[in-house]
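What TrEMBL says about this protein:
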type	residues	note
REGION	9-39	region 'Disordered'
COMPBIAS	25-39	compositional bias 'Pro residues'
TRANSMEM	76-101	transmembrane segment
DOMAIN	90-326	domain 'G-protein coupled receptors family 1 profile'
TRANSMEM	108-134	transmembrane segment
TRANSMEM	140-163	transmembrane segment
TRANSMEM	184-208	transmembrane segment
TRANSMEM	228-254	transmembrane segment
TRANSMEM	275-298	transmembrane segment
TRANSMEM	304-328	transmembrane segment
Amino acid sequence: MILSLAAAMSSGGIPQNTTSSSPFDPSPLDPWLDPYPDPYPDLPGVNASSSDVPGRTYTSDLDLRPLTSQQDVSPWDVALCVTGTLIACENALVIAVLFYTPTLRAPMFILIGSLAFADLLAGLGLILNFVFTYLVEGEVVTLVATGILIAAFSASILNILAITVDRYLSLYNALTYHTERTVLFTYLVVGVIWLVCLVLGVLPALGWNCLDDQSTCSVCRPVTKSNAVALAVFFLLVFALMMQLYLQICRIAFRHAQQIAVQHQFLAMSTTKGVQTLSVILGTFATCWLPFAMYSIVADSSYPIIYTYSTVLLAACNSVINPVIYAFRNPDIQKGLWLACCGCVPSNLSLRPRARTSSDV
């Protein structure tokens, strides 16, 4: 009935027979009883039409009435938001422990703190992306969310590379490491990393986006295809450098085990544990980031969006695992966690400063 009345009104005529099969049907001539009254009957493009039925989403730019249905929420976006929340909570805990533990001020812990802050920012970026997608509209907020995610994930990757370099130098220059790697030098390295990542983050807002030409979009709108390829190649170069450094670390660790015959058995066990740790680090990093990097190179915006969601979610999981690999495994940070949560330290964790071994790589 509502369909026929709306069609007649849109054609300029009034239906002659308005008899309803139900006495409770509202009259189309009574705006107080009409479930969808038209508050602007004289404005062009706003009048009711034959599609003015429950569940309709208005598309007219002049239509100021509230929507009758909400935008469907993608389960993939919910999964990314939940992952971002987990990332933010984990890394906020790491930052709190490093900040409130005065003994954790060595260069290694500064790099771990920088990595935790980058992952924390990535988690917040995923949450903001969900909010901007479903609650706030506009190109500006889209560019802001994209810039935060690019800067955060780039900083996460570069901080992992910096930690790899630090671990390599701690074994290659074991005698002079503590005098050469000062806290000031580490802060300078962290400052350079964040400066580079901030520049990458503001590039979409400076015009490196596909908002004006949708055909140039990559799998992650509004990043252009060429920029996505450049970022993917940048990641592949970082990954190749990490592999080379970790191979050198393995060689140094095995050479140390062969040179010191007295501690050969101890160092052999320690070296084996170190190689296993290297495998976990590189395997996790490659599993999380390689699918997204390769997909960004070969795919474009015409590909099914489910592939983009799955690879992005896998890449975000790397920020979930980073605190476990680089922070929670460290005995010094474990002691800080126990002291902060329980006020005591288990007997198996010594309160003495611990010397680094090859298993710490």
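For all residues, glycine too, the Cβ spot is worked out from N, Cα and C.
Highest Cβ pair count under 8 Å relative to the transmembrane segment (304-328), across stretches 76-101, 108-134, 184-208, 228-254, 275-298: 76-101.
Of the two recorded stretches, the transmembrane segment (184-208) does not lie close to the transmembrane segment (275-298), with fewer than three CB pairs under 8 Å once pairs fewer than 6 apart in sequence are set aside.
For the transmembrane segment (108-134), same-chain residues at least 6 beyond its ends with a Cβ under 8 Å from one of its own Cβ atoms are 71, 73, 77-78, 80-81, 83-92, 94-95, 98-99, 141-142, 144-145, 148-149, 151-153, 155-156, 159-160, 162-163, 166, 170, 183, 186-187, 189-190, 193-194, 197, 316, 319, 322-323, 326-327, 330, 332-333. Per-residue pLDDT, averaged over the domain 'G-protein coupled receptors family 1 profile' (90-326), rounds to 87.
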